[in-house]
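Each remark here refers to the structure printed beneath this line.
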Amino acid sequence: MLFLSFHPSLFPNSYSRFHISSSLPPNSNNGHNHQHTSPSQVPIKSPTPPWMKVPLLLQPHELVDLSNPKSKKFKPEKHELSDKALMGKEVRGKRAMKKIVDRVEKLHKTQNSNETRVDSLNVENFGGYLEILKENEEVRSKGRMPWEKDEKFGFVKVKREKAVTAAELTLDKALLRRLRNEAARMRTWIKVKKAGVTQDVVDQIKRTWRRNELAMIKFDIPLCRNMDRAREIVETKTGGLVVLSKKDFLVVYRGCNHQLTTKGSPSLRTNHYEMNRVELATKGDIFRVESNHSSSEMLNWNADHKDSISTGIQDVNCQLVNGSLYERETERLLDGLGPRFIDWWMHKPLPVDADLLPEEVPGFQPPFRLCPPHSSAKLTDYELTYFRKLAQSLPTHFVLGRNKGLKGLASAILKLWEKSLIAKIAIKYGIPNTDNEMMANELKCLTGGVLLLRNKFYILLYRGNDFLPRSVASLVEKRELELKSRQLHEEVARMKAIQAFSPIDEVPLDTSTSGTLTEFRKIQTKLEDTKSVNVDSNIQLEAEICRLEKELKEEQRRAFILNKKIKRSERELSKLNAAWTPSEQDTDLEIMTDEERECFRKIGLKMQSSLLLGRRGIFDGVLEGLHQHWKHREVVKVITMQKLFSQVINTAKVLETESGGILVSVDKLKEGHAIIIYRGKNYKRPSIKLAKNLLTKREALRRSLEMQRIGSMKFFAHQREQAISELEVKLADLQQKKEIELREFAN
């Protein structure tokens, strides 16, 4: 039997010795000779590693004496040093454990070769141990040991490769280095606004090239967000090479043969935008470029004009064919819808320029629509959200800049809807007087689609659940025409049969029309008349009565809730009013003459300091403020914002009673009413807090809020009662009208 163990070495907590031994339990039935074991040779149970499930029994001479591990005389042998290297701090880890596993596997192979020599009884004794070895073998066959942890896989971020520009491919390195050094020192630039690289910007660049071989351009939104696309547009429209790009700046080089190209082709300066328009149209999978002049002169500067045209077309075709799958599919989707928008500020593919589509299309009509059975043309909220999320990943199909004359765009959208559910339309930047609401309404009327989203950037149109492609719509219309023609043919055949069987001499009598087309039409007209006269009116009346009953129940429910809230607020207000017990007025008041009263009144009105009475009214803090004023002066001015004069007089009397002063006057001021109170000749500042019978500041605020709440709820309750009475009158009139109509219909 095989055992694996580590023997402790220098440190008591570490294992440095690797020992493997085989032992067989004594058995008298095995036919081998066994010697009698002495007491000194009794096997000892030694410590085992955590992955071993069978105890390890070793002879006493195989154990190491660790009684004095720190003594200098103890010197480990060479094999002990090698074992220590396996589990030392320097090499300890997966590598050491793999070496151990390899050795165990080798010993296991040798054991398998020796197992054939052991009898069947010994094999039965090893049954438990063999099951453990099989389990370990299954674990190893999976390529992972029990103590090994799962390896964590991390994705390394790949750095984006910088695209090679046309200047780096065309110009020499020394010339490119010189141009970039000069471009870094430039401080004047040409401003490109929201409209993009227009013809005015191109003319300014050409004028700058007459004085200098470099021109600096600064871009505004939206092109500043995609400088790669801005570089392509500038190189296409100006015929120059971008030698430096930094933030939202581009520096354009005019080229080595700039003077020759400008003298030889003056049309480049006059109509450069039309020259560079690339119209993409396909027949099958072929891309075609329509251009009156060269669309990429900067690719070959020293070639002739004809060579540049051919090379430009080949490069454009190669670029379209070799693009990503997303670009190729989008190009196939937009193919044949119209000319592309070259000044597109986002990544390719380029959308269709809707402003170049015709304003009027002869014979244009909104499409024929038919909703499938058991479905509704109206979108649910879930469908609306789903289509909006779906449109986020879609490419932009059209770019629009005008408000009216969108029949050409509508016909292109109908053609697009045969391949795509949603039409995504972007609104151009920098064009004045653009109204996205007007655009969306006109497109919705022309196409009959569903408006998913409308803002100042995009318009999303869904084709609708009842949309039919042209082939399907024509098939449905053809089927309806065939059905009507069959009905007419059957009616003509029936009339001919009646004429053939009727005698010639007899006067033609009125024949029966049962089962004929005329009977069917008469039934339809009769039913329509009854519906229009009786059924429709009755349905409308019933619907109006149901609506009024529902509204009446809702108003009654709201009135019940309001009354409940009013009662609850009244209970709260009664509790707060019970906590306020106003004091009685003193009968022994000081006498004040008219001269003194007028004098104190003038003094109080001229005073700058005053006591403001807010929404809380009179509470204990107001009286403390009064006594604080009376500490320094004889008169106090209290300003209240109450509107009714009766409320002001009541407040003045309460202040006089609670404070113990003398009311001088109540005057109307610009900011409210002024209440002037004199402290009296025998005034003494109280040593303890007065007004224990009044409310606190917090309770006064609660009382004010409850009073305001009750007032507003009573106002709304009165409105509810009026609405309920009006609805009851209307409902009674409609029910009376319904009874009259039922009597007339019965008669």
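Cβ coordinates come from backbone N, Cα and C, glycine included.
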Which residue range, 45-72, 129-156, 465-492, 717-744, is the one TrEMBL calls coiled coil?
717-744
Match it up for me: which of 286-327, 328-369, 538-579 does TrEMBL list as coiled coil?
538-579
Which residues, given as numbers and ranges, are at least 6 beyond the ends of the coiled coil (538-579) yet have a Cβ under 8 Å from it?
695, 699, 702-703, 706-707, 709-710, 713-714, 716-717, 720-721, 723-724, 727-728, 730-731, 734-735, 737-738, 741
Could you please provide the mean pLDDT value for the domain 'CRM' (377-474)?
91
